[in-house]
Structures are given as structure tokens and as C-alpha cells.
């Protein structure tokens, strides 16, 4: 079978040419044309000063492009700070920008205030020092607010409970996933930190753990922003990161919600973070530029550990895509900007605007995700085929325990995430909050029919909330 | 202790299923593989009863398994299809001539009629003579462009309603990744469609869109199907190689990744204001084209004028507009002939029917 039939013009595609070493006759900085260059970015040579200035401009241009979608005038800004190179650089760039505006170059500053927000990951990674990260903010007089990963297991109030996965199969002999959960008070003697570790230990693979960590961090940052009454959250996704995220999210089956996860300006959908909007103003800078920017502006940063730090590239999907995208960008010089442009051309499909939200990741969950998968990974023997028709794939089966099905409330990707999770794993508290919010408006059995007037109204309001952000 | 099949819980498991990681027995593997293809066909309403369907057959694993499965499913579920094997002979000695022998054997084994259209016959150039003229670089462009047209021409010669090709899930996922890396947004939107409308030509579809390459090989192996497994002797596609290598690693990290990528690709929605190329007809051969002269005619002109870079190199070289003397057989002509064939077929069918009705009445 020939591969070329679909894309005959492939070899003549001009976009991706191997990088050729181009000798510049003058060997001077392309901007000032006077100084000796110190760095080569995509075949252009820059001197130190011009490079730093160009980086500042790239950040400000990206930021001001996003401004047209600012939720409120004079928004308060939280800069997400992991302490890594990109977020540290972003904090400095944003602080400089704010200082410049306050100095009175602008009649009225665009943003009311700037704070930093940090998620402490010491519960999962040893050798992690959050004081060091707060110092990065303190060094430039920015207040740093901190949330801890284990906060998602802190139970408050009377109705405090968690959702715990229970093992359930649809019928004897079949292994079709039914995602059933039950309410639990959790082990109160067990500190939240232990529960968090138990969650991560109960997940099936490094890819799943990364996925869960991203979800929890996004939730905590958005909640932190809302608690600080910030309407804007700046996320430090560099161009390189956005490109590898796009590929990684695609590989994890997240195409449906992709524009919400890597777009330049995206709203948060979770109930506890509604009204918060995320910008990605570092999207036009690649990792190399950020590394040089930090070096030449003496911006301190730390190495943020991940589950796969130091592991081989096949340790997880994130790790693999990152090394692949970085390698491809080295061989084909315009890969990262090309992929980033692709991102901007994608938009949320119409169904996503009205879809129910996944209780785990808060992203729109496509209806019938499980049915789609089941049609294509047949799991019953010929003799049991009749059984398959008796039970609608999306129906939630009541098992003898006090458990209930949540399949209809999980997106395709989170179904994969929980597929290999151990029974008995307790999900973060926000999953139950999300479920309660959904269940009160749309009972699970009606989730797909969407006949409930309440739920329609709710979805309509959701649609209105995000509609304006997509062309 | 031998392991039991994860699906039927009776027979001994002999394979680990690449798509799900389950250990299953041979019969269950055949059953799930075929049923998934059937589900794909039914869910996307690919065919209607009475359709004349050509199976693009190269003799390789994908198309051999496709021919076998299509025939089996057509019999089992009464699709009511007339199946044909349609092969393209690119004229690559040591590769295509051998694989066509396999197709000819398949014709006998499955009892399906076979039509072979050759580049030599359609374009006057075989791939061997093209490579002799242009060298090894870029020759895949010629082959790809010519094959697409050749299949459409063959389909009209047989008056087919539909062509099915053996593109598998790995191919589709690779194409999605490649289009992301290249920023080819218009193809990204199109590449996940299971069937292309063909803009007035024969509809093409990929019933194996969700079938893993490894499972196709496994199926061919376990069914002991007769297929040809040599790579093309001319250069493989370099850029696709990157995507392929990455996809294989992804599959190792998470076996469901291929399916997940396709799922993502299907959900991706291209912004409306993104300009997509408009489609027109080639002034010379009538084939669908985004320019006034289609790629195949441009490449052919380059070959004939001794400037094989025409249509490949970025330097603009003139292609004369409008028809020329020795153009390819016009598609309109082929279509008329196909229509003629259809009419005469319908006529003979209605004759048979009325004759039958007549005898009944008479008796």
C-alpha cells in the first residue's frame, strides 16, 4: 500500500526544509547591524541587547493580541509560576511591563495588579523547595500565593466526601469498562498528602500520572486565581511546550477539547474557577530563546521535576512527544512555529459548546465516547453478542453496592486515564463537586438525551460563556 | 499453565491483541477483527445494496486482507455488493510484477474479477522509465500522483460506484500527525474522513481506518493469506518516516494511542475563516484539480519536454494552459463509456426480469 496517495505533493512541500547553514556575509546582528552577534535564532543572528529587546517585544505583542479578549477592563492578573525557565521569565516580563505602565507611560495601566501563583508539588517530588520559588517572585516585589497539590483532598464542610472508584463489570465474563464510583468519607486519619500519593500510586502508568498532575495543577491554579480575585491567569507555555502539548494531547485522544487546552486565550470551565481566563503570552518564544533570555537577564529559575525526569524517552507520552518535537525542530527549523500556527486555526467544534463537562478534567466531554470505543474494540465473544444489545453501552449499571456509574460524565481521555486505575482509588474532591453540579442539573440517565430543560438552559449558559472566545 | 482467552474464556489464548493488550484465542481474534471492520462499515454507511465496489489491490498485506475480509463480510452480512479487484501496475520490475502475481492468485482464490491498469498503458511511462529519466529523487511524487488518477480511471472502466483501499489506522494516525507538523490545516480537516466524495468521481473509502497495522499482519499470518511483502525498490518517503517512527514509539508507550489520535483528529474542527483551496477541472484531462492543469498532466508534460523538475521544483516554469495534442484520455469520455455500460447492464437486467415475468404470466 503506498502512503503517498493521500498526499501526493508531500515531497514538494516547501514548509519543511532541512536547515541549511547559511553564511551571512556581514556576520553582524540582524537588528542593529553593528554589534557582533551572540546567538542564532532560526538562522537569524542577534546580538545580546537586540535579542533581549526582541524577546520583550514578542511577549508584549502576544499579550496585547490577547487583550481584545480580556474578560473585564483592568483585569487583575495572576502569573502561574512553577519556577521553571518559562514561567520565571514570564514573571519578569510581566512585572517589567506592569512597572512600565505604572510609571506613567500609559494613561491608565491595562492591568490592575499582578501576583504570582504557585502550586507546591513537594508532596510528590522530593528535593523540592518552594521557598526558592517564592524568592523568585519576592526578588522582583511580586506577591506569591501558594496552593499545595494535596489541597484537592482537603475535606471541608458537612457534605465533604470523595468519589472512590469501585471495580464493576457489566456482566460476568466481560471486561468492558463501567466507570462506577461510590461516596466515601475517606480515611480521616490519613492526611491529605497520603491520599494524594495513594491516588498517584493507584494510576496505571507515568502517562496517566502526568495527565492527572496536569489536571490537578490546572484546577488549583484557576482556583487560586479566583480566590485572589484575579480574572486573568497567565500560563507559561512556550511555543515549544505548546507544540509538544498539542501532539501529546492529540495522542491522548483529547482532540475534542484541544482548543481549550492550548489556545492563546481560553476560559476555565470548572465551577470553582468560572470567570477566570487563561492567556499564553509566551507562545511566540521557543525554549532556546527563553534559556538565553534568562541567561542574559540573570533571571533565576529552578529545575521542576516531573515523573519522567531522567527517564528514557519512552517513559510516557509527554516525555516522548517532547523529545520528538525538540528533535524535529532541530532538523526542520520551522516545526514549532508551524505547529503553533496550526493550533490557532483549530476551533472548538459546535458540539463541544453544548457538551457536558468531564467531572475529572472539567473539559467538554463528547457524548457516546465509550460507545465509539466499544464499537472499535469489540470485547465480547460471538455467543455473547446478544447480551451486548440488551445493555446500552452508555447506560449506567447499578451494582449491588451503593455505587453509581459516571461513564457519561467522563471524557474520552479521562476514561483512558481511569481505565487502568486500581479500584479503591479516591478521586480529588473537585470531581465530586463537579459531579454534584452536573447531577443536579442533568441526571446521568438523561445525560445523552439532553431533554432536561434545566440542563439545556445550563448548557446554553455555558455556551454563551465561551462562545465569544471562538470565532 | 496455558492462558485462557480473555474474551471467550474457553479456548487457549494464542495472541496478545495489539489494540487492547488482551490475550485472546485465534477464533476470537478473527471475530473481533472482522466485527470491528463491519461496525466501521455499518456505522459510516459506506455502501448500499447493489453497489459495484472495487478493492484497490496491490498484493500487499493490507489489500490482501481487505479483499478477504470484504468478501467474507459481504457474504456473512449480505451487503449485496459486487466486488472487483482493481490493481495498478506502476511498472517497477522486481517489485510490482511480483506483487501482481499475488493479486492474480488472489483473484483465483477469492473468485473475484480483476482489472489491472498500467502506467505504461495510461500515461505511456512506466515507473522504471520515469526513474531512468528523473533519477531516484522525487520519483515517489510521480508514482503517487499517477496512482490516484489511475485508480479513478480503472474505476470508470469497470463502472464502479466505490473504491475501497487498504489504508489502515496507522496510516491515518500518521497522516494526522504529519499534517499537524506541517501545519497543513486543510488536509488535517480532510484526512480523517472515512470516505472522500470524489467530487463527481468514484467514492473512495478506507474500511480499515480503525484497524491496526499489526493486527492486519496478524490476521494475514493466522489465516495464512497469500500476500507479498517486499518494500518498494524505490526510495521510501522520508518525512512520513519521522511520523511513522514516532507513532511506533507512541504505540509502545500506550497501545491505544493510534485509536486515540484518530479520535482526536475526528474531533478537530478547522476554523471557518481558514482558506481552503477551491477545486476545478483540469483543462486537459478533466480530472479534478486545484489548478487549470492537474498535477499529473504537469508532471507528464515535464517528462515529455525533458524537464522533469516541472511541477516539483519551486522555481516557476511555464505550463502551457489548455489542451495539447497527446493528452490523456479525457475523463468525460471515460465517464460516458461507464454510463453506457450501466445503461446496457440495466437494460439486460430489465430484459431478464420482463422475460421472466412474461413466462410466469404465460404459464
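Glycine is no exception: its Cβ is also placed from the backbone N, Cα and C atoms.
Those TrEMBL annotations? Automatic predictions, nothing curated.
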Residue among B:88, B:134, B:202, B:203 sharing the ATP site, where TrEMBL lists B:56, B:57, B:58, B:62, B:166, B:171 as binders: B:88
Which residue among the binding-site residues B:57, B:88 has the fewest other Cβ atoms within 10 Å of its Cβ, if you could check? B:88
Should residue B:58 (ATP binding site) be counted as helix, strand, or coil on the basis of DSSP? coil
So which of the binding-site residues B:57, B:58, B:166, B:171 end up next to chain A, with Cβ to Cβ under 8 Å? B:58, B:166, B:171
Relative to the Cβ of residue B:166 (ATP binding site), which residues of the same chain, six or more apart in sequence, are found under 8 Å away? B:56, B:58, B:60, B:62, B:63, B:65, B:66, B:206, B:208, B:216
Structural state of residue B:88 (ATP binding site), classified by DSSP into three states: strand
Give me the long-range Cβ neighbours of residue B:171 (ATP binding site): same chain, 6+ apart, Cβ under 8 Å, in sequence order. B:213
Site extent for ATP, whole Å (max Cα pair distance, B:56, B:57, B:58, B:62, B:88, B:166, B:171): 20
